[in-house]
Structures are given as structure tokens and as C-alpha cells.
Amino acid sequence: MEGLHVQASRKENSGSIGSVMTQRRSARLNQATSATLTDRRTTEPNAKKDAFKRLEKQWTIVHPTTRRSATLKRRTNATRSSDSVAGQDAKTKNDRATSQVAETDHSTEFPNVAISRDQDKLQPLVQLFARLGTAYYHLRRFQPQVCLDTLASLPAEQQATPWVISKIARSQYELQNYKDAKATFQVLRRVAPSWVEELEVYSIVLWHLNDDVELAFHAHELTDSHFLAPQTWCAVGNSFSLQKAHPDAIKCFKRATQLQPQLAHSYSLLGHECIDAEQYDEAVTAFHRALQVDACHYVALVGLGRVQEKLGKLEVALKNYMSAESINPTNGVLLTHIARRAAKLDLPVKLLAYAKLQSARLLLRLGSATEALQELHLAEQIAPDEPDVHFMLGKAHLLDNNKGRALKCFTIAMSLNPRNEAIRQAISSLDDSNDEGHS
């Protein structure tokens, strides 16, 4: 019975609990539904009001005057803004233009300053090269004394360069000052042992001085240091030629022509050696080849004159000598050849004129102007149309401090030979000295 009462009490309790839970659930649901309804009631009128306001804004009527005033304000604002922008652009353009002008002004000033500075720096170098070019020009024109004077005006450090020393020695050789040329070449060998330019002339100088020991030593040095240089084989050939070993000398000179076909001295040395070996055809070929290399190589013309003289063609030989004399009129040995050929052709007048001219040149070198004038006056009577006679007369008068007569003689010589550069130089130097005297 007790168990039945317990079960009945449990059922009652569970039923009371279920009723309580249902009551709680219904209260929550009622609250939620009431909240949603109140929210809807409050939000729906607000949404309707917002929609009506939007429609009112869309359908508001704008008066035409208000539209015109608005458009006018927009246009004025646009024009003002465009004017302000244009003004700013103009200002920026003007600023850029002024800055560009200033930059261009500075850019034009700075290069001018730089160019002037460069010109100031280059001026000594230009003057140096002008003197070197002038000296080489006079040497090529066979005016060795003018070349020596020009080289003497160079600075001391430039006079000690191998190129200048070699050109001084070459000028001394052209003046037949063989001893001075030998001393200068020895200085060149000490200063620049590897320098080979103009060394073929050194071997010729030693050949003229008959210095067989020095020539053999020079050839031995060159064979050790510059075996494939044409100057080496010219020195060896001259050494054999001085010992009268003509076949060996010819082989050496041919070897020199093969090593450097543009060296005129190697062909002329070969031609003279062929004359001594009585090989006249080979000599003529060698001399013509030398003239092809250098048309002003007067040594080849002298060689052709020797060949024609050996063959008995004295008139042709004299023409060759005269052609050589027109290239190098200051060569005393060449004048001697001309005088001898003129004597053989029974030309005593020309012989006497050349003899007097040659003796006058020697007297001028010795500084005896009075005796030179006597010889030159005799030469003037024999050959009054010879420009060299009047040129030497001008030099003699200048040495005697008679500048008026010297200028007169130089003017006559210039009228007879207008292309002679030595006469022009003499007149210009005389004018410069006169200007310095007046100042």
C-alpha cells in the first residue's frame, strides 16, 4: 500500500512540474510575440515616413531663375578656376623659361671659360710642335742651317730628345760637317740605344771619315740589338764597302732594301756600290727605285750622273748634276761635280761661275765677308741671271753689316726665283730686324 501511495505521489509531482513548465513556456512565447508586434508597429511608420520624404525630394519643383543662377555660379567658378590655373601655368612657364635662360647663360659661360683655359694650356704645346714642324720642313727642303737654328730655339729638355738629336746630326751631315755629325750621333747612341732612325746616315758619316774601326763596332752593335732593321744592314754594307769588299756590301744593301722598301738611302747605297763594282745597269735600276721612293733624294741623281759619266755621256751627266743641284743648292760636293763636268765639256764660263760661287760659300762659313764679296762680284759678272749668286751676295752684305745692299740683293734673287723659301726667310728675318731697330 505504501508503494502505491509513493507512485501516486510521484505522478502528482510530475504532473505539477509539467504544468509549471508549460506555464513558463507560454509566458515566454507571449512576451516574444508582443515584442515583435510592438517592433513592427514602431518600424513600419518610420519606414513609411522615410519613403515619403524621398519622394518629396524627388518631386520638388525647382524655379527656372534658381537654375540659371546656379549655372551662372558654376560657370563663373569654372572660369575663375581656369584663370587661376592658367595664371599658375604661365607663372611656372615663365619660371622655367627664366631658369632655362639662366642655365643656358651659365652653360655658355662655362664652356667659354673651359675653352679659354684649354687654349692657355695647349698654347705652349702648339708652339712646340710648330717649331718642330718648321725645323723638319727646312730639313726636307735641304736648308740645314735654318733647321739647326730652329732646333736651337727649343727648350733644353726638348733638345735632349732622340728625335731632335737625330735631326741635328742629319743637318750637320747635310752641311758636310762630318766630325760634328759623328759626335752628335754618338750622343744619340748614349741617350737612346734603341733608336734606329737616321742611323743609316751615321754609317755614311763614318764611311766619309774612313773610320773603319768605329764603323765596324757600330755595325756589330746594331746586329746584336736590331738584327732585322735596315739601318743595321746599311752599316754592315758600308763597313764592307770601306774594306773594298763590294760583293758582300751589295748583298747587305739588297738585304736592307728587302727589309724596308721605303728607305731611299738603301737603294742609293746599293747603286753607288754597283758603280764601284762596274754593274751599271743594276746601279741605274737602284737609283731609279730610290727616286720612286723619294723624288727629292738628290744622292740618286748624283749617282745617275756618275753612271752617265762612266758611260761617256757627259752632257746627260751634267743634266743629272744640275737636277740634283736644283734640289740641294748648298751642297759643296755637288758643286764640285758640276764644275768638273763643265770643265770636261769645255764650258769655262760656267766652270768659273760655279767655282767662284763655291769658294764664296766657303769664305762665308769662315766669316771673311770681304773676300767672299770679291768672289761673288766676279761670279755676278759671269752669271748675272743666277739667283744663288745674288742670294750669296745678300748674305755677304748682311755679314758685313750692310742691310740695305743685302735687302737689294735678296730682292733680285727673289725676282729670279720666287719659289725659293730660303730667300723668303732671309727677307722676312731682315724685315723683322729692321722693325726691332725702329721700335
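Keep in mind that glycine also has a Cβ here, set from the backbone N, Cα and C atoms.
TrEMBL has this to say about the protein:
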- 1-51: region 'Disordered' (REGION)
- 14-37: compositional bias 'Polar residues' (COMPBIAS)
- 38-51: compositional bias 'Basic and acidic residues' (COMPBIAS)
- 63-106: region 'Disordered' (REGION)
- 230-263: repeat 'TPR' (REPEAT)
- 264-297: repeat 'TPR' (REPEAT)
- 298-331: repeat 'TPR' (REPEAT)
- 387-420: repeat 'TPR' (REPEAT)
Residues from the same chain, set at least six apart from the ends of the repeat 'TPR' (230-263), whose C-beta lies under 8 A from its own: 196-197, 199-200, 202-204, 206-207, 210, 212, 215-216, 218-219, 222-223, 269-270, 273-274, 276-277, 279, 289, 293
Secondary structure tally of the repeat 'TPR' (230-263) (DSSP, helix then strand then coil): 27 helix, 0 strand, 7 coil
Distant-in-sequence neighbours of the repeat 'TPR' (298-331), which means Cβ under 8 A and at least six residues beyond its ends: 142-145, 174-176, 264-265, 267-268, 271-272, 275, 280, 283-284, 286-288, 290-291, 337-338, 341-342, 344-345, 361, 388
Rounded mean pLDDT for the residues that make up the repeat 'TPR' (230-263): 96
